[in-house]
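Colleague: Heads up, here are the entries from Swiss-Prot:
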type: DISULFID; residues: Cys3-Cys22; note: disulfide bond
type: DISULFID; residues: Cys17-Cys39; note: disulfide bond
type: DISULFID; residues: Cys41-Cys52; note: disulfide bond
type: DISULFID; residues: Cys53-Cys58; note: disulfide bond
Amino acid sequence: MTCCNQQSSQPKTTTNCAESSCYKKTWSDHRGTRIERGCGCPQVKPGIKLECCHTNECNN
């Protein structure tokens, strides 16, 4: 499976993953809206939006 792994608004980069899902976490801090992407579907703290998906590069 191929997932995107760039941070926030960086140019798109991808990684090959052993997991069968990709995630996109979104939250806000003093620098504005932050976005993290990667493999799997992690647990997140309250206040963090998590989207998980199951197709290649679906978390862009």
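In case you wondered, yes, glycine gets a Cβ from its N, Cα and C as well.
Predicted, not measured: the structure shown is a model, and the values here were computed from it.
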Colleague: Within 10 Å of each Cβ, count the other Cβ atoms and name the one among the disulfide-bonded residues Cys3, Cys39, Cys41 with the highest count.
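Modeller: Per the Cβ count, the most surrounded site is Cys3.
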Colleague: Pop the Cα-Cα gap between Cys22 (disulfide bond) and Cys52 (disulfide bond) into the table, whole Å please.
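Modeller: Taking the Cα atoms only, Cys52 (disulfide bond) lies 6 Å from Cys22 (disulfide bond).
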Colleague: Among all the protein chains here, how many other CB atoms are within 10 A of the CB of Cys22 (disulfide bond)?
Modeller: 28
Colleague: Need this for a regression test: disulfide-bonded residues Cys3, Cys22, Cys58, filtered to those with Cα within 10 Å of Cys39 (disulfide bond). What's left?
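Modeller: Cα filter at 10 Å returns Cys3, Cys22.
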Colleague: Might you list, by sequence position, any residue in that chain lying six or more from Cys53 (disulfide bond) with a Cβ less than 8 Å away from its Cβ?
Modeller: Ser21, Cys22, Tyr23, Lys24, Asn59
Colleague: Cys41 (disulfide bond) to Cys3 (disulfide bond): how many Å between their Cα atoms?
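Modeller: Cα-Cα, rounded: 11 Å.
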Colleague: Counting across all protein chains shown, how many other Cβ atoms sit within 10 Å of the Cβ of Cys58 (disulfide bond)?
Modeller: 17
